Amino acid sequence: MRMLSRNATFNSHGQDSSYFLGWQEYEKNPYHEVHNTNGIIQMGLAENQLCFDLLESWLAKNPEAAAFKKNGESIFAELALFQDYHGLPAFKKAMVDFMAEIRGNKVTFDPNHLVLTAGATSANETFIFCLADPGEAVLIPTPYYPGFDRDLKWRTGVEIVPIHCTSSNGFQITETALEEAYQEAEKRNLRVKGVLVTNPSNPLGTTMTRNELYLLLSFVEDKGIHLISDEIYSGTAFSSPSFISVMEVLKDRNCDENSEVWQRVHVVYSLSKDLGLPGFRVGAIYSNDDMVVAAATKMSSFGLVSSQTQHLLSAMLSDKKLTKNYIAENHKRLKQRQKKLVSGLQKSGISCLNGNAGLFCWVDMRHLLRSNTFEAEMELWKKIVYEVHLNISPGSSCHCTEPGWFRVCFANLPERTLDLAMQRLKAFVGEYYNVPEVNGGSQSSHLSHSRRQSLTKWVSRLSFDDRGPIPGR
């Protein structure tokens, strides 16, 4: 009999979540504008593909960086050999400068307090390994990124206790919600070691208010616990209010750099979302605590960033003309694309939480549910995936307490494909429901009593050929 470890067989990876199941269905039948026009359109992937042309243009003008040359001389052998686990100094300096630039240079970062990791997934898990032991807990506000169930729990043995937030105040964190989560952990005999937040929020697509950040700092200071701020979407805040880093609020409070709260606030960053480079696997841990930095550096040996990647990105991020233009253009394009999605949803009678950041919208489909239950939410989600052929993420996969919310991504697909997705959704809503267009605000609707016919025919009809020639053909 084949014997595997408990970690290998324990069902805490989250692969049975509807979030991952939607991906599996997409991979079986992926949409292609020529070869599979009736396939599933991927709107469950938080990738930023809107500014690749800016990076490709820079690479074309700076061939030495990609060719591993410096002053005309090859440095391939130098990069191919073992490097210090601390990372290339030039890259760490470029990285902290870019982090500061995204935050409007309101805060600065010390490269000696930065630990490089193979993506934000590794960074978050490393933080949990550093701060908590198996059987202890972290508090996370809902709704939250479904992957946290895998990233934070699977190998660490740490528990997640949700901080339940609701639509009544736009899913903002409240003192009551924090205290209730802490008390719930105590009832379960779980020692709370920290709070982890994502700012800007995934899946809400909103930035945290200054008051929320002050509240969090007061809470962790009072409880004597840590605060991890996952800020991997910090460069995606495209509308006011602007993004505020937890480090900025620490500075505003004039915290003593030797105080416990100063030492217990940490940041996760990555280039996956802001630069659209998830395949490069570049993440970072930032902490004011020397012991955390030392421990994380040791653990980073299990997930290093290649020296070739560091060299290329060091050259790219050190070009201030590029970074200034990229940040501004990225904001502009994200705002335009988000507006397009919101407009398309409104034509189907569907509204969204008012968002100002991220690569997705938090979409309100409560009025389309058969009943106010998570069973009804899953029923609607299955129709959208299997009949409408759109992969979106149901709120239940994000641990939302209210049925009927969905995360819909907009930056990972061409504009033409987004148009097609909105046509499919509008046809679906018109077929199944009686819903007026939204002109701002939520809408109520009634289930259509007409015969519910298969949507296969109209899905087939909504191909690009029916909407005119493809530009450039």
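For all residues, glycine too, the Cβ spot is worked out from N, Cα and C.
Copied from Swiss-Prot, the annotated features are:
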BINDING   ASP84, TYR85, TYR145, ASP151  substrate binding site
MOD_RES   LYS273  N6-(pyridoxal phosphate)lysine
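Shown on the structure are the features that Swiss-Prot records.
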{"residue": "ASP84", "record": "substrate binding site", "contacts (Cβ under 8 Å, 6+ apart)": "none"}
{"residue": "TYR85", "record": "substrate binding site", "contacts (Cβ under 8 Å, 6+ apart)": "THR297, LYS298, SER300, SER301, LEU304"}
{"residue": "TYR145", "record": "substrate binding site", "contacts (Cβ under 8 Å, 6+ apart)": "THR198, ASN202, PRO203, CYS398"}
{"residue": "ASP151", "record": "substrate binding site", "contacts (Cβ under 8 Å, 6+ apart)": "THR121, ASN124, GLU125"}
{"residue": "LYS273", "record": "N6-(pyridoxal phosphate)lysine", "contacts (Cβ under 8 Å, 6+ apart)": "ALA46, ASN48, ILE232, TYR233, GLY235, THR236, LEU359"}
Give the helix, strand or coil assignment DSSP yields for ASP151 (substrate binding site).
helix
